[in-house]
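K.L.:
Copied straight from TrEMBL:
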TRANSMEM  C:30-50  transmembrane segment
DOMAIN    C:67-117  domain 'NADH-Ubiquinone oxidoreductase (complex I) chain 5 N-terminal'
TRANSMEM  C:87-104  transmembrane segment
TRANSMEM  C:116-134  transmembrane segment
DOMAIN    C:135-419  domain 'NADH:quinone oxidoreductase/Mrp antiporter transmembrane'
TRANSMEM  C:171-193  transmembrane segment
TRANSMEM  C:213-235  transmembrane segment
TRANSMEM  C:247-272  transmembrane segment
TRANSMEM  C:278-296  transmembrane segment
TRANSMEM  C:303-325  transmembrane segment
TRANSMEM  C:372-392  transmembrane segment
TRANSMEM  C:407-431  transmembrane segment
TRANSMEM  C:452-471  transmembrane segment
TRANSMEM  C:609-629  transmembrane segment
Amino acid sequence: MITFYFIAFLSIFFSILVISAKNPVHSILYLILTFFTFTIHYILLNAQFLAIVNFIVYMGAILVLFLYTLMLINLNKDSEPVKPFMVKLAGVVGGGILAVAIASSLKLLGTSNPVLLQNPDLGLVKNLGKVLFDEFLLPFEVSSVLLLSAMVGAVLLATKEKEPKAA
Amino acid sequence: MESLTNTMHAVPLNHYILLSTIIFAIGVMGVLIRRNAIVIFMSVELMLNSVNLLLTAFSVYRGDATGQVFVFFIMALAAAEVAVGLAIIVMIYRNTNSIDINVLNRLKW
Amino acid sequence: MNQLIWLIPILPLAGFIINGLGRNSLSKSVIGFTGSLLVLISFGLSIAAFFQVKSTGVPINVNYFTWFAVGTLKFPFAFLIDQLSAIMLLIITGVGFLIHLYSIGYMHDDEGFGKFFAYLNLFVFFMLLLVLGSNYLILFIGWEGVGLCSYLLIGFWYTNPDYADAAKKAFVMNRIGDLGFLLGMFCIIHFYNSLSFSEVLPAIATSKKGVEIIAICLFIGACGKSAQLPLFTWLPDAMAGPTPVSALIHAATMVTAGIYMIARSNILFTLATDTTEIIAYVGLATALIAALIALTQTDIKKVLAYSTVSQLGYMFLGLGVGAYTGAFFHVLTHAFFKALLFLGAGSVIHAMSGEQDMRKMGGLKGKIKTTFTTMMIGTVAIAGIPPLAGFFSKDEILAHAYAHNPVFWVIGVITAMLTSFYMFRMMYLTFYGKFRGTHEQEHHLHESPPTMTIPLIVLAILSFVGGFIGVPEVLHGHHELAAFLEPVFKKSNEILGEHHLSESLEYALMGTSVVLALAAMGWAYIKYAKNGSVPVADTEERPALTSISYHKFYLDELYDLIIRKPLDWLSTFFYNIVERLGIDGLVNGIGKGTIETSKGLRLLQTGNVGFYIFIMVLGIIAVLFYSVFGLTKI
């Protein structure tokens with residue numbers, strides 16, 4: 001129980017650092033830490049498959065992709081112009097109100113019962129695999145098409161346009 | 001593992017909701033207050049992950065694996081989104097030599 | 001016989017279709033022959049129907065089908081031939097046939113020969129429908145149909161804008177009256193839930209519900225159709241049409257539709273005593289004013305047109321004082337002599353190569369003898385000189401008028417005197433004195449072909465003897481017509497009672513009117529035939545009274561001032577203020593408003609992505625709050 005609150009505190013702390021760090025590289029590093037805390041949350045919830053996927057896909061692939069991009073852009077120096085203070089305040093207040101609003105509306109729907117692990121095997125690969133390839137087979141296949149098209153799109157977007165051929 | 005999961009027994013669902021909400025709101029704030037496109041993108045990832053966490057919590061709470069399958073799909077979607085989004089940012093940088101979103105105000109009439 | 005009734009109106013309709021479709025392909029003689037023959041067959045059938053009604057005394061009632069039924073309201077398509085419609089049938093088909101015959105000669109050189117016969121046949125069809133209908137609705141179909149044909153035929157030479165305008169004027173004036181008729185029908189439906197004569201009229205006799213309102217509405221309808229004050233100005237203008245049209249539609253048949261309708265619903269008007277009083281006044285005023293106008297007209301057809309209006313006024317006077325038989329008698333005789341006069345005038349115009357101005361005529365007596373003789377018979381008849389037709393019918397109306405109110409009689413006699421004066425003025429100006437036209441016209445003077453003179457002769461004979469079917473008892477005659485029509489007017493006559501004038505008084509009344517008519521004739525003779533005075537040209541000044549009469553009491557100008565001008569003003573107002581500022585302003589304002597609002601709202605589109613996101617977040621917050629509070633409320 002203490003573990004949860006401690007990890008939760010770390011999650012919030014690192015995510016604040018993500019948005020407040022001046023250097024984008026630092027932001028990415030903090031984001032990696034945040035996602036690491038998330039992985040721990042998944043383990044605490046006994047969602048082992050998700051924990052592994054989060055660890056590999058998010059931290060290993062996606063965030064490394066971010067780093068690569070930054071490297072490509074070569075924007076390591078802090079060149080970002082700072083927004084006016086009032087805009088920042090408005091952003092923070094807006095975000096805060098949103099948090100309150102979402103929390104209150106979700107609270108109306110849910111009850112405050114403790115999260116009990118009814119089925120210890122729920123988050124195991126075997127169990128999830130059965131569900132995924134049984135009920136969600138079609139969405140799974142469709143998502144493969146989505147990934148393929150995203151890949152093609154990314155390649156297409158990122159390649160330099162060829163110089164118009166001289167006639 | 002068993003011992004770890006057993007410690008969770010007393011955490012109320014509300015606290016998961018609260019945690020997710022706070023992280024989601026932090027993501028929103030990040031989008032609002034930053035001008036660097038990559039950081040904004042990261043904030044979006046933060047929001048996605050907060051939702052993932054909530055879905056997982058609900059899944060465990062309900063004893064239904066569907067929630068976790070959805071998280072899996074969201075991750076696939078996030079991967080696709082990041083690939084395309086970062087490609088776009090690279091393109092923008094190549095064209096404008098900047099990734100400040102305020103430069104991209106050409107949409108106005 | 002009853003099985004053949006439907007043929008009476010259908011034959012002219014067939015003529016209309018044949019002539020209308022074949023107007024360009026059929027030869028003129030075929031068209032003329034078809035048009036006339038079909039009407040002649042109808043005439044034959046009408047005679048058969050007339051004698052059946054006369055011998056049996058029972059109206060012929062044929063029901064064809066239920067036209068439509070709404071709730072409890074049923075409108076059968078049925079024909080009714082009683083004594084009244086039998087006589088009307090004879091007038092329409094008989095006079096109609098003669099005029100068709102005449103038209104063959106008169107219209108021979110006209111390009112629209114086929115079209116003319118088609119319209120004429122169509123008119124006969126609608127007129128027959130009008131008199132045959134056994135309910136007000138069928139009567140109304142015919143009523144509207146003859147209005148349409150009148151419009152088409154007045155505007156027959158539509159290339160002349162004046163003629164086209166005259167047609168429009170007639171149409172619009174008739175519409176005003178028709179609205180009254182329509183309202184009258186609605187009132188009848190409201191009060192009696194039927195439009196059939198056989199149901200409504202007995203119901204009116206017993207219940208007397210809403211008689212005044214129905215009567216006044218129907219009378220307004222009759223006013224429009226039969227050219228009474230204040231709706232009579234269209235009739236003189238209607239002379240723009242070919243002369244046979246003037247004779248058939250605007251003298252003999254259509255304009256008497258109003259009188260037919262009132263005579264048909266006589267019981268209604270007998271009970272509506274206030275309305276009949278109004279009818280009498282309107283009729284009297286129309287008769288007098290039209291006669292005064294006719295005194296100074298120079299166009300031969302205009303004189304006859306005003307004379308027609310005046311005679312129609314007489315008929316309405318007769319209806320107003322309860323002399324239904326007399327009024328109808330006058331319809332009959334008037335159909336003869338006025339058709340004769342119009343056709344005669346047409347013959348004169350034909351001889352004069354289209355000239356209508358009497359100032360350019362004169363001395364035609366020797367040149368066109370048949371026309372002169374027949375027209376003279378018509379003139380004597382209309383002037384009310386015994387023993388010709390006009391005397392008897394006019395005298396009957398005047399006698400009733402005296403019984404009702406002696407003042408009516410005085411004005412009536414003055415009008416009769418004026419009638420005699422202007423008719424003889426017309427005759428003397430046209431046929432006596434020296435020829436005043438051009439040399440060329442004089443050279444071309446010729447008597448009309450036999451197709452034109454035969455109808456003249458027939459009508460002259462009818463004008464001569466027509467009056468003898470209604471010789472008053474005081475002259476030791478037998479009133480055939482009154483006896484024949486007795487079943488139709490039975491109830492009204494019972495209510496009104498016989499008028500009781502002593503024999504000597506009746507003689508005195510007759511004598512006075514005859515003497516005055518003769519005096520007027522003498523005066524006209526002295527003035528126009530002996531002294532040879534001619535109305536002055538338009539450019540010269542006229543004495544004030546003459547001028548008023550010549551300009552038709554400035555009635556057209558008056559209507560212009562009190563109706564057209566305010567309407568114009570109102571239209572201008574609506575156009576400039578309501579349309580241009582109101583509606584256009586609204587429409588353009590919406591457009592302008594959209595553009596202006598967009599100009600303001602456009603500034604919100606800064607292109608700043610952060611701002612967009614901020615607004616989006618605010619929107620999400622708003623939605624969430626709404627859902628939160630929405631949920632708590634539930």
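We number each residue from 1, going along the chain as drawn.
Each residue, glycine too, has its Cβ placed from N, Cα and C.
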K.L.:
Between the stretches C:213-235, C:247-272, C:407-431, C:452-471, C:609-629, which one has more Cβ pairs under 8 Å with the transmembrane segment (C:116-134) than any other?
P.N.:
C:247-272
K.L.:
In the domain 'NADH-Ubiquinone oxidoreductase (complex I) chain 5 N-terminal' (C:67-117), how many residues does DSSP assign to helix, to strand and to coil?
P.N.:
29 helix, 13 strand, 9 coil
K.L.:
Using Cβ atoms and a strict cutoff of less than 8 Å, what residues sit near the transmembrane segment (C:452-471) while being 6 or more residues removed from its termini?
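P.N.:
For the transmembrane segment (C:452-471), the sequence-distant neighbours (Cβ-Cβ under 8 Å, at least 6 residues beyond its ends) are 95, 98-99, 101-102, 105-106, 325, 329, 332-333, 336-337, 339-340, 343-344, 346-347, 350, 370-371, 373-375, 377-378, 381, 387-393, 396, 477-482.
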K.L.:
Restricting to the same chain and to residues at least six past its boundaries, which positions have a Cβ under 8 Å from a Cβ of the transmembrane segment (C:247-272)?
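P.N.:
For the transmembrane segment (C:247-272), the nonlocal Cβ contacts are 84, 88, 91-92, 95-96, 99, 102, 120, 123, 127, 130-131, 139, 142-143, 146-147, 149-150, 153, 181, 197, 200-201, 204-205, 208, 211-212, 214-216, 218-219, 221-228, 235, 238-239, 241, 279, 304-305, 308, 312, 315-316, 319, 322, 324, 327-328, 331, 334-335, 338-339, 341-343, 346, 488-489, 491-492, 495-496.
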K.L.:
Restricting to the domain 'NADH-Ubiquinone oxidoreductase (complex I) chain 5 N-terminal' (C:67-117), what is the model's mean pLDDT?
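P.N.:
Taking every residue in the domain 'NADH-Ubiquinone oxidoreductase (complex I) chain 5 N-terminal' (C:67-117) and averaging pLDDT yields 87.
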K.L.:
Between the stretches C:213-235, C:278-296, C:407-431, which wins on the count of C-beta pairs under 8 angstroms to the transmembrane segment (C:303-325)?
P.N.:
C:278-296
K.L.:
For the transmembrane segment (C:278-296), name the stretch out of C:171-193, C:213-235, C:372-392, C:407-431 with the most CB-CB pairs under 8 Å.
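P.N.:
Per the Cβ count, the answer is C:407-431.
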